[in-house]
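What TrEMBL says about this protein:
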- 105-217: domain 'Phosphatidic acid phosphatase type 2/haloperoxidase' (DOMAIN)
- 28-47: transmembrane segment (TRANSMEM)
- 76-97: transmembrane segment (TRANSMEM)
- 104-122: transmembrane segment (TRANSMEM)
- 142-162: transmembrane segment (TRANSMEM)
- 174-196: transmembrane segment (TRANSMEM)
- 202-220: transmembrane segment (TRANSMEM)
Amino acid sequence: MQLDFPAADRSLHPTTPWTWALSTSKRFLILSWILATSLLILAAFVINPSVEAQELVLIKRLRSIDSAQLQGLMLAMHWIQTPLLVLVALVALAFPVVRRQWRLVGESAALLIGAAPLNFTLKTAFHRTRPALEPLVSAHGFGFPSGHTLSAAIVVGWALCMTLRSSLAWSLRLCLGFALMGIVALVGLSRMYLGAHYFSDIVASCIVSACWISLCLAYCDTLRSRSSSA
């Protein structure tokens with residue numbers, strides 16, 4: 001005896017428009033829109049003089065901690081940030097280079113190089129002054145977002161993507177992830193302690209970096225999809 005089963009429902013087949021709407025590139029694009037909106041809301045919130053005054057009190061309380069070790073650590077992060085981030089970028093870039101994934105190398109370079117003009121454009125657009133107190137290091141230009149934190153967050157965020165794509169053990173990837181995020185936290189804390197930025201400047205940098213990485217991932221995923229379907 002032969003049993004006849006009904007035809008399979010293919011309404012949710014991967015080639016249908018419904019799943020295309022939830023493609024990886026579109027998810028990253030939606031995420032970037034949400035982050036961009038969050039940045040605008042934050043920028044509108046921090047222009048309130050009372051908010052700025054509270055943030056200034058926070059910096060003063062942080063700097064009131066009488067610890068030579070803490071001050072030394074904050075100054076050390078200021079001086080070693082650039083070589084540390086270069087080292088992180090080179091190590092993370094080794095993954096696609098070893099695998100000869102030259103397209104990924106080019107995409108990574110574009111993502112990292114775009115951080116500088118992005119930082120300049122946003123600082124000029126928001127036009128926010130730095131904290132009204134004597135900084136422990138020289139700081140020039142506008143303060144929203146923090147350029148140092150933005151650079152660190154973009155490099156670290158990209159390195160996290162490379163780490164997750166690697167074949168390393170999950171335990172090692174988890175340890176590397178926490179270590180990388182610790183770098184961003186220390187850079188942001190040092191910028192506040194040294195009097196160069198408000199706390200909201202640091203938060204804005206993290207939002208911008210996540211938005212920029214999401215946009216780049218969406219664009220790269222779209223290019224890959226088009227090239228594979230061609």
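Note: Cβ is positioned from N, Cα and C throughout, glycine not excepted.
Quick caveat, the model's predicted, so the values are computed rather than measured.
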Leading stretch by Cβ pairs under 8 Å, where the reference is the transmembrane segment (142-162) and the options are 28-47, 76-97, 202-220: 202-220
Overall pLDDT of the domain 'Phosphatidic acid phosphatase type 2/haloperoxidase' (105-217), taken as the mean: 89
Annotated stretches the transmembrane segment (76-97) and the transmembrane segment (202-220) touching (3 or more Cβ pairs under 8 Å): no
Outside the transmembrane segment (28-47), six or more residues from its ends: residues with CB under 8 Å to it: 55, 126, 128, 144, 198, 200, 203-204, 207-208, 210-211, 214-215, 217-218, 221
